[in-house]
Amino acid sequence: MEAVIKVISSACKTYCGKTSPSKKEIGAMLSLLQKEGLLMSPSDLYSPGSWDPITAALSQRAMVLGKSGELKTWGLVLGALKAAREEQVTSEQAKFWLGLGGGRVSPPGPESIEKPATERRVDKGEEVGETTVQRDAKMAPEETATPKTVGTSCYHCGTAIGCNCATASAPPPPYVGSGLYPSLAGVGEQQGQGGDTPRGAEQPRAEPGHAGQAPGPALTDWARVREELASTGPPVVAMPVVIKTEGPAWTPLEPKLITRLADTVRTKGLRSPITMAEVEALMSSPLLPHDVTNLMRVILGPAPYALWMDAWGVQLQTVIAAATRDPRHPANGQGRGERTNLDRLKGLADGMVGNPQGQAALLRPGELVAITASALQAFREVARLAEPAGPWADITQGPSESFVDFANRLIKAVEGSDLPPTARAPVIIDCFRQKSQPDIQQLIRAAPSTLTTPGEIIKYVLDRQKTAPLTDQGIAAAMSSAIQPLVMAVVNRERDGQTGPGGRARGLCYTCGSPGHYQAQCPKKRKSGNSRERCQLCDGMGHNAKQCRRRDGNQGQRPGRGLSSGPWPVSEQPAVSLAMTMEHKDRPLVRVILTNTGSHPVKQRSVYITALLDSGADITIISEEDWPTDWPVVDTANPQIHGIGGGIPMRKSRDMIELGVINRDGSLERPLLLFPAVAMVRGSILGRDCLQGLGLRLTNLIGKATVLTVALHLAIPLKWKPDHTPVWIDQWPLPEGKLVALTQLVEKELQLGHIEPSLSCWNTPVFVIRKASGSYRLLHDLRAVNAKLVPFGAVQQGAPVLSALPRGWPLMVLDLKDCFFSIPLAEQDREAFAFTLPSVNNQAPARRFQWKVLPQGMTCSPTICQLVVGQVLEPLRLKHPSLRMLHYMDDLLLAASSHDGLEAAGEEVISTLERAGFTISPDKIQREPGVQYLGYKLGSTYVAPVGLVAEPRIATLWDVQKLVGSLQWLRPALGIPPRLMGPFYEQLRGSDPNEAREWNLDMKMAWREIVQLSTTAALERWDPALPLEGAVARCEQGAIGVLGQGLSTHPRPCLWLFSTQPTKAFTAWLEVLTLLITKLRASAVRTFGKEVDILLLPACFREDLPLPEGILLALKGFAGKIRSSDTPSIFDIARPLHVSLKVRVTDHPVPGPTVFTDASSSTHKGVVVWREGPRWEIKEIADSGASVQQLEARAVAMALLLWPTTPTNVVTDSAFVAKMLLKMGQEGVPSTAAAFILEDALSQRSAMAAVLHVRSHSEVPGFFTEGNDVADSQATFQAYPLREAKDLHTALHIGPRALSKACNISMQQAREVVQTCPHCNSAPALEAGVNPRGLGPLQIWQTDFTLEPRMAPRSWLAVTVDTASSAIVVTQHGRVTSVAAQHHWATAIAVLGRPKAIKTDNGSCFTSKSTREWLARWGIAHTTGIPGNSQGQAMVERANRLLKDKIRVLAEGDGFMKRIPTSKQGELLAKAMYALNHFERGENTKTPIQKHWRPTVLTEGPPVKIRIETGEWEKGWNVLVWGRGYAAVKNRDTDKVIWVPSRKVKPDITQKDEVTKKDEASPLFAGISDWAPWKGEQEGLQEEVASNKQERPGEDTLAANES
């Protein structure tokens, strides 16, 4: 045993690696197998014949006992045994065919492995399971090269000894491992001689000949290949061979070729062009199936190899299909011999399995070519799947990237993509036109049409670039080179403080701009006109502070300013492109006023400057010459501005600056708040941040730069409700991190001009959320404001159908950047969208802002966005009627009949939108190919959805709702049939969004089909030249329709339509198809603007002429063609069904048997009766859980199935069933339980059925009345006593107890009879009972809310009383809510402890979901009293009254006659609780607190009898508590305790032994001894015991007194 365990453990470590089982687990498994009798000895485990029985036995044991440890261990051991066995087989056969000794080993199979004679020790390098044959193989002479024989026949061909067979096959090793074929070590020099030279070397021409007569070919040097591959570690050591064109002879491959290919795959990947070239070179000659599979095992891993096998099989099936259609197909040998099949092509036919020589002899040349081509195509598919190519559609030419580098990247990505070779060149050329830089795009558009290859385009662009004229970019580059030395000199001097020789500056003068001197030495320096002017900086005369040398430094040149401490709070990345120099007359200059809003003292609050409008600058820059010297500045995160001339140092204003533009008439444009940059530039610049905020835009009209103001007529006023009083909701507190992020986002929006300071009386909260990228997003909670708005009506009824775009038209997609923020908000509405930016700990006054543009989250923003964009685009729609322009929110799609027309229209649309104030994202402009719009991918001929996940996460009802919504969006594009939507519709039942849902098997299977459908199905774009067709069909669980073209021949679907969910109990298929045809015609007009040209109807309508009335109504006004044909193949995915127009039910009698049906709710039975001769036959069904309507339907269904092939008349008194059955005259869709029952019965009938309705209990004589009475009597057979009770009550109106006794029915049935009486049911029938009390403290509490006006404003008091100890707990609340009740109970639990149960009324505060959850968490049971009946809460009601009286007395004693001051309410309430709980009440000798914390132990009192519902007295009870009108009794057998009225309790004098316990009873029962009936019973005790047969006389008297 130990030796076997050691051998198996070694084998498992070799072949299983880290997952190998331990020796202990192997020993336990072997012991179990021997115990179960599956192994006679441990060595039997080596026999393959025992493997299957062991596997079956362990699997059965795991399923029965749930223990799978031994089965898991056996799985690992079995894998190791099989791997060792396959290695042994391959090694033996390889040695055998190489002539190195060894014996014949059968092909792989459990029955052919030999039992090892010895076992090896892995640590000493011995063979695993080494057989005697293997040992002999090692001893065989090396020169042996002839095939071995078994018996008297050759193993190769089965002929006698001495045949000329030269070689045989070695099956490919099926297991992955680097240590395979250990017995072939050192065999490389012992291979057979005289074969062909290796492939890759110089090869002599082989003589053609038959395979069986050719000399033995030289096999590839396996040991040498193994040595070569040891470093790269290929998955399997195997050598492919090729077939020469001269004949079926093998040519060995050069091992270095295989090594190089394996290394190329490992380093370059499968999709590399080098890999593809080497694989195609190796497969340039026809290969055998044996060679193909071995080659793929070498270069592919296990998973890609499995994918390749599947893909190869698919390709071979295509070859077989072509060969089946054409008998003279090359694979069929030009019609000679048997046709090809899959077994032949895979080398699995007779004589080919594991025999490459047999494959070479039996396979035809055409088959070899097909095998090799299919294998190569499968390899390409696997390479695409295993290593997906990069997205070539996303490659664009960078701003500084050369065209050659861009072309290299693009061509490499396209060549490695999934595109077919014929489509790659057009795609590359099209990407050149769209993805290159704008100037190169213009060159390509101007290229001659004769340039049709990428190489020609590249050469043309390079040639044109050499001779291209000077462009704006070229001028800018030249200017940059010219002025860079000058600007950098200034920058270096400012940065390093360096000067030239002699102390002279190397920079420029700030006054005149000339180099060589400082500002102080400038000859053009302005002199002061007032010599007596006093400097405020140095107190000197003759100059002002601006000219003071102390300010400018030693030489008068301005040094760097003193910077305030602390970094700039807003993290920005300014990248400014300064405006190019213009002529002075064309420079767009404006007059600007700057106002400092800081709180520190400055000399000037406002200054006037002249600034240059520059739409190329990102931010606003104020020149240091214009910047007041006492306005502080701070450092920024980016200390430089980058422009054409290089970098310039910059700072930012520490205070917020108000900037306003002065118009020509002197008026001031709306001011803008911002933090401008301050730098050493010649003149101030207003950048895009300022232009957008002020509503200014720099445009170029007729070559002259002007300034335009965006018109405010685009602002659409909002509509407010009549009571739109201002809403003020305090800002939520935010943590410091989020507050900092909010501050940064607000400052950014302020600089962009989207918000402005506000003093509005409106306020709603703002907050931030973190995005997936790590940045924050600003959100504004506008729910309260939306409640005051009147929503606008929808202006766009859904999204456009993209398949309506004409087929082949080029497309362009535009994206409006920040569309909401580009549309102004009406000025009168802005104050309603104000918010507050708080500070931590209120360290500073809060800053308030309001939106100037459409805010996100406002209910009217989407509608206004659509209206404004549509208004801007309307003139273009009128100007270009043939242009297709799809507009949905901020996404635009343009389609034109030509590329030139599309480009022209696109430029016009972009310019129109930009003039209106919108921004187009250049990087989001899409052109074909690869256009995506509204979640769909559009090609020149198709429209396909994108974005389906592998498997969605489903946990709640809301998750299912979202998933169904997404599928509904995709259904018109994918054609998802109703049967696949059914499992998801089933999960939508419920009302709680958080209700748990699971991803069940039906949903999983349906989702798999939907995902598969999304990869294959797509809509086809409409071709206006072809007729538009429509078709409808019935399918599983509904009906389906489609609009398309060529539906009956080559279907091209354009839009899918589906029937709606049924809203009636039953809908006939004819009605469903009628509604679907109407919907199809309306969709065609709405989507394509035309009626359907051809309508395809199911074949049933061809057989039923004229058409049914419903179909004719649906076709009213239809002028197209109608065709009736079989269901088109496009509906196969929906599993179409035949539509039958046969009438199944009529309301006229038919010749055949007549049956009567009825059902009763009292007996819960349904019956069917019919007359057979003189007597009635009866059939019954019973179901206590079914309704009367379902019982009636089941009875009719049972009647219909009595004679399925015979016309039958069904008579029923149920109008509901009769009407429904008549509506089900034709096949249809049921939606209720009764309809499903009837439809199932009708579907099983083949004959006509007639349904006849009669009125029940009518006095009309005849056969129908008689049959109905018989059915009614059988259905209500057990209700005769109940009918008698009804009659007796109608006559005498007696009570339920009397009815129960008189008619022998239950009390429940008697109460139901009384309650159905309109005269006796004026008040609800209530049982006699008593309020349950606790037998001890903390068993039952009663809680109630009571109103005490003296305690206003918190005038609601929550009162809880312990029903056993009478202890009271009171809390004060402002409103009666669930939260108040939970808070009160938490306080009461802290004072008294946790109760077992609480009784309340049925108020919403006690019965809400949150309250139920709170009680469940505390483990407290909850019950409610009778609604509207205060007696159900008697104890707490008395406690309310007692508490209010105590509060009144205490308040009046303190001088508060009416309202108690708020400051005194808490103290007074505590005094009232103290007085009620800590002092005796009434006749009690203990206080409630004493009874609560020191309760009296109850003992059982005397035996009693109680009166039950039937009026009888039941024995076996003992008294526990006796009170005023109530008692608690305990059952002696079950220990059950119940509360009953005292009038239903009397002593049980028959229990003699128990009477003596009266004296030992608790004082609680002291009053019972004075009870008169008790005394009477005690005095007659002896007499009662003696006679024991005669009823005691006093009992009648007691009963009389009780009544």
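Cβ atoms here come from the backbone N, Cα and C positions, even for glycine.
Note that the coordinates shown come from a computational prediction; the quantities given were computed from them, not determined experimentally.
Here is what Swiss-Prot records for this protein:
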- 112-141: compositional bias 'Basic and acidic residues' (COMPBIAS)
- ASP418: site 'Involved in capsid protein dimerization upon acidification' (SITE)
- ASP430: site 'Involved in capsid protein dimerization upon acidification' (SITE)
- 509-524: zinc finger (ZN_FING)
- 609-690: domain 'Peptidase A2' (DOMAIN)
- 750-938: domain 'Reverse transcriptase' (DOMAIN)
- ASP815, ASP890, ASP891: Mg(2+) 1 binding site (BINDING)
- 1149-1280: domain 'RNase H type-1' (DOMAIN)
- ASP1158, GLU1192, ASP1213, ASP1272: Mg(2+) 2 binding site (BINDING)
- 1280-1321: zinc finger (ZN_FING)
- 1333-1496: domain 'Integrase catalytic' (DOMAIN)
- 1551-1561: compositional bias 'Basic and acidic residues' (COMPBIAS)
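Swiss-Prot feature annotations superimposed on the structure.
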residue: ASP430; record: site 'Involved in capsid protein dimerization upon acidification'; Cβ neighbours (10 Å): 17
residue: ASP815; record: Mg(2+) 1 binding site; Cβ neighbours (10 Å): 17
residue: ASP890; record: Mg(2+) 1 binding site; Cβ neighbours (10 Å): 18
residue: ASP891; record: Mg(2+) 1 binding site; Cβ neighbours (10 Å): 18
residue: ASP1158; record: Mg(2+) 2 binding site; Cβ neighbours (10 Å): 27
residue: GLU1192; record: Mg(2+) 2 binding site; Cβ neighbours (10 Å): 27
residue: ASP1213; record: Mg(2+) 2 binding site; Cβ neighbours (10 Å): 21
residue: ASP1272; record: Mg(2+) 2 binding site; Cβ neighbours (10 Å): 19
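Compute the center of the Cβ atoms of ASP815, ASP890, ASP891, which mark the site for Mg(2+) 1; besides them, the chain residues with Cβ within 8 Å of that center are LEU814, LEU816, CYS819, TYR888, MET889, LEU892, LYS924.
Within the model, the domain 'RNase H type-1' (1149-1280) carries an average pLDDT of 84. The Cα of ASP890 (Mg(2+) 1 binding site) lies closest to that of GLU1192, out of the binding-site residues ASP1158, GLU1192, ASP1272.
In the three-state DSSP assignment, the secondary structure recorded for ASP890 (Mg(2+) 1 binding site) is coil. It is 63 Å from the Cα atom of ASP891 (Mg(2+) 1 binding site) to that of ASP1213 (Mg(2+) 2 binding site). Residue pair ASP1272 (Mg(2+) 2 binding site) / ASP815 (Mg(2+) 1 binding site) shows a Cα separation of 74 Å.
Calculated from their C-alpha atoms, the gap between ASP815 (Mg(2+) 1 binding site) and ASP430 (site 'Involved in capsid protein dimerization upon acidification') amounts to 21 Å. DSSP gives ASP1272 (Mg(2+) 2 binding site) a helix state.
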